[in-house]
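Per Swiss-Prot, the features are as follows:
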type    : residues                     : note
BINDING : 8, 9, 10, 11, 12, 13, 14, 15 : ATP binding site
REGION  : 260-273                      : region 'Calmodulin-binding'
C-alpha cells in the first residue's frame, strides 16, 4: 500500500510524528490500516543499539527485514527510527519499489541544541534517553534528506521545535492526502513506484534460495530420523553425495531436530542481510546445515 520513512536527529520528535500520522490515517475517509515499525518493537536497549557499528548494523537489518515482510500486507507501513544514513533510506526505497507501492519521507527538522535539550529532559525524567557520547556520535553522522534524491522524495518536512505536531498540522494532512489519494490516469502528484526487472529478479532469487534451504534441511532431518529408526544405537549418520557425516553420541528426537532446523533457517536468513547470501543449490544448503548440526551436537555432547 505505502511505505513512510520517518527521519531525523535523535530526540527530534519522530515518534510523535509517526503516531500522529498513523492516527490521522486511521481516521481519514479511507480508514487506512497502519502499522508502525520501530526500535521498541524489538525490545532492545536504545544505547545498546547504537553502542557500536555491528550493533547498529544488526538493528538496521532487523528493521529492514520487518519492513520487507510487511509491505505486501496492504497496510501503510511507517518506519519510526533515525533512518539517518542515506544509503539505508535507499535500501528502504528499493523495498517499496520492488513491492510497487507509494513511498515518502517525513523529516523532523530540529536543530541540534533542541535535540540535545530534549534528550537531557528525557533522561532526567527517567525515560529512555541516549548516553551523551552516543548522542553526539549520532548527531555527527546524520545525513539530512534532500528532495532531489529519489529515495528522499517526496519529502514532507516537520518542525517540532517551532510548532505543535498534531492531527491538524498542515504537513501531516498533506502527507495523508498523498498516501490516500485515488490514483488514475489523470493523477500527476502521486507516484507509485514500479518494480524493475532487477528487483523482481532479486526477489525471485531469494525466494528460490529459501525454497532450496527449506527442502535441503528437511532431507537431512529425514535421513537422521530414518537411520535412528533402524534400532541399533548409532554414533554417525552418513549422507553420501560427498557430504560429511553427522556425529551424534546420543539419540536425537524429532522435536529437537525440528527446533535446530528452525533456528538454522532463521540464522541463515538474518546473516544474509549483512553477510554471505543464502545458498542457491541443495548441496550447499545441506553442507551448511550439516556443519551447523555437528557444531551443535558437539557442544551438547561435550
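Cβ from N, Cα, C; glycine included.
The highest number of surrounding Cβ atoms within 10 Å, among the binding-site residues 8, 10, 13, is found at 8.
Cβ neighbour counts within 10 Å, taken over all protein chains shown, single out 12 as the most crowded of the binding-site residues 9, 12, 14, 15. In sequence order, 115, 116, 118, 119, 122, 129, 130, 135 are the residues of the chain that are 6 or more apart from residue 11 (ATP binding site) and have a CB within less than 8 Å of its CB. Taking the mean position of the Cβ atoms of 8, 9, 10, 11, 12, 13, 14, 15 as the ATP site, the remaining same-chain residues with a Cβ inside 8 Å of that point are 82, 108, 110, 115, 118, 160. On the 0 to 100 pLDDT scale, the region 'Calmodulin-binding' (260-273) averages 76 in this prediction.
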